[in-house]
Amino acid sequence: MTQSHIPTETPLLDSVAGPSDLKRFSDDELARLSQELRSEVIRSVAQTGGHLGSSLGVIELTVAIHAVFNTPMDKLIWDVGHQCYPHKILTGRRHRMTSLRQKDGLSGFTKRSESEFDPFGAAHSSTSISAALGFAVGRDMGQPTGDAIAVIGDGSISAGMAYEALNNAGHEKRRLFVILNDNEMSIAPPVGAMSSYLSRLYANEPLAALRQMAEGFEAALPPPMREGAKRARQLVTGQPASGTLFEELGFTYIGPINGHDMGQLLPVLRAARARATGPVLIHCCTVKGKGYAPAESSRDKYHGVAKFDVPSGAQVKSKPNAPSYTAVFGQALCDIAARDPKVVAVTAAMPDGTGLDIMAKRFPARVFDVGIAEQHGVTFAAGMAASGLKPFCAIYSTFLQRGYDQVVHDVALQGLPVRFAIDRAGLVGADGATHAGAFDIAYLSNLPGFTVMAAADEAELVHMVATAAAHDTGPIAFRYPRGSGTGVVLPEIGTVLEIGKGRVIREGSDIAILSLGAHLSECEAAADLLAAEGVSVTLADARFAKPLDLDLLMQLARNHGALITVEQGSRGGFGAMVLHELAAAGVFDRGLAVRTLTLPDRFIDQASPDEMYLDAGLTRHDIATSAMQALGRERKVLGFQNAPRRA
Ligand SMILES: Cc1ncc(C[n+]2csc(CCOP(=O)(O)OP(=O)(O)O)c2C)c(N)n1
Ligand SMILES: CC(=O)[C@@H](O)[C@H](O)COP(=O)(O)O
Ligand SMILES: [Mg+2]
């Protein structure tokens, strides 16, 4: 710690090329740097959009950690990674911040391939403590790595995986730092007993001053804080080193401390770093959106924002021509819930993102927010289904991956009628590969007894919600993409679809395109391109990946020279199911040309959804080109390849 020496008019941030530069700043200068960093984050995210509120809440924490620890030798692991913008600025990526979340730009999360200061990639929550413990073991087994520090939010620590890691870390007793960034917010207001417990930890005024539970840490703190710590400990527990859940699990618990006060953060981190021999949990209280009034005063604390005007905080949002799939689902489910009191719904911490907020407003007692707990959410829904209720489990495709064994073991194996509403199916844009809904068709269609639907447009989605509500004989899922629908007229009330039946959209004779889900409009455009080339196309919407409409499939196979399947999903999904049936029926023996258009066998980097589908080879031109190739009319393909593509 040195005295302040840099003139106040000189921006400190300009002299920071990396975290090592922070070591020469005094504590006052680190506090000054924090303010500059806050302004920089606001200025930068105003131009790009992104996860602003969470990043503003960890400004001081980021500066303090980098000032005290020795990254990248020490491994700093941000849970979810959506709060890592100040970390990116301090770790040599300031000049690239205007590219955040765009094609070829900086990721909105931590990413190993992006920087040595991102030792572990993230975007799905609650993984940080496990990964940090892995690094700690690596260090203890001689790997060239230093301390491991996990920073995890109060929302993310509600997930089962975080408890599993705490449990294991408490048992391992290795030197490890967990910083609980408690801003009393998840995406939505936090829920659950753990959240209430954390609130109680600092609701008590003596604790709020400072709770310092270990003798060693007390001694290392400056005298005024030491006294406060002793008093707090005795007041609360009457005895040293026990009391909080974390301590019972084997951690040394420090806090709660004010995560925006460098006067508390720096000495506590220094003391912990100097003295820790086992796992330590430092409980920091922060404010989501801290220091930017529009964020602090908004309901969602500007968790995720579009580009915005800095003085007013007004976000630049384009006016969509059609309602979002999410809103259509939320309203359709609410309408059904109004008619059927057995309908209930489950969200894992995303009531607004899934559209369940609509039903929650009208039927609050029938919508269950379980916190970030997809695994529990699925089995909880299975239990409700077993009791005779009609649960809709609304989880993004990418996050349902977390609950896969529960889908298999608790739902499918028992044939329970849980309805899975799978939002964000397909490529989602700025959140990138971590959030792509790529795999659900594959991972659900292979399960015996599962019914899997995909909505071609928002009217179809309304029908699928009705179909799922009426389906009592086993699990059923329907998937739909992020963003606005196609603008079709919505039915007043959904029609229950015949299970396993597709529909023909237009009839032709040369080639059949069999689409599953929201790429139907792109297939229609491809059919138009082909028609302009003199190719007559039958276009069908499969509606069901499982059970497949075998009558329709065989009819398409019989009556056309080639068949193309198209889906917004990975290999191993709809196309694979079709190939399996075609092979079983022996159609290849009769010379049918088949192509399956899926996402490629690689992860697609962030960009706009259109750019991502272009990268994936799933544009109308790709579909038309494949069709021409399947028909053996190679020369015509050139025309399509040279045609302008969507940006
Ligand atoms: C497994 C998983 N489920 C859901 C999400 C969506 N999600 C991203 S951030 C977030 C809230 C995190 O809250 P917290 O950890 O308290 O961080 P804060 O934003 O408050 O800083 C949620 C639910 C996710 N990233 N991963
Ligand atoms: C960090 C995270 O996982 C969420 O905030 C996610 O970015 C939300 O995405 P949507 O905007 O699609 O709801
Ligand atoms: Mg939080």
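Keep in mind that glycine also has a Cβ here, set from the backbone N, Cα and C atoms.
In TrEMBL, annotation is done automatically, which means it is predicted and not curated.
Binding site for thiamine diphosphate per TrEMBL: ALA123, HIS124, SER125, GLY155, SER156, ASN183, TYR292, GLU374, plus HIS82 from the candidate set HIS82, HIS87, HIS260, HIS409. Residues 1-20 are the range that TrEMBL records as region 'Disordered', among 1-20, 221-240. For the binding-site residues shown (ASP154, GLU374), fewest C-beta neighbours within 10 angstroms: ASP154. Between the candidate binding-site residues, HIS82, HIS124, the densest Cβ environment within 10 Å is the one around HIS82. Among the binding-site residues HIS82, GLY155, GLU374, the residues whose Cβ lies under 6 Å from any atom of ligand 3 are, in sequence order, GLY155. In three-state terms derived from DSSP, GLY155 (thiamine diphosphate binding site) belongs to neither a helical nor a strand segment and is classed as coil. Site extent for thiamine diphosphate: the farthest pair of Cα atoms among HIS82, ALA123, HIS124, SER125, GLY155, SER156, ASN183, TYR292, GLU374 sits 32 Å apart. Looking just at the domain 'Transketolase-like pyrimidine-binding' (323-488), the mean pLDDT is 98.
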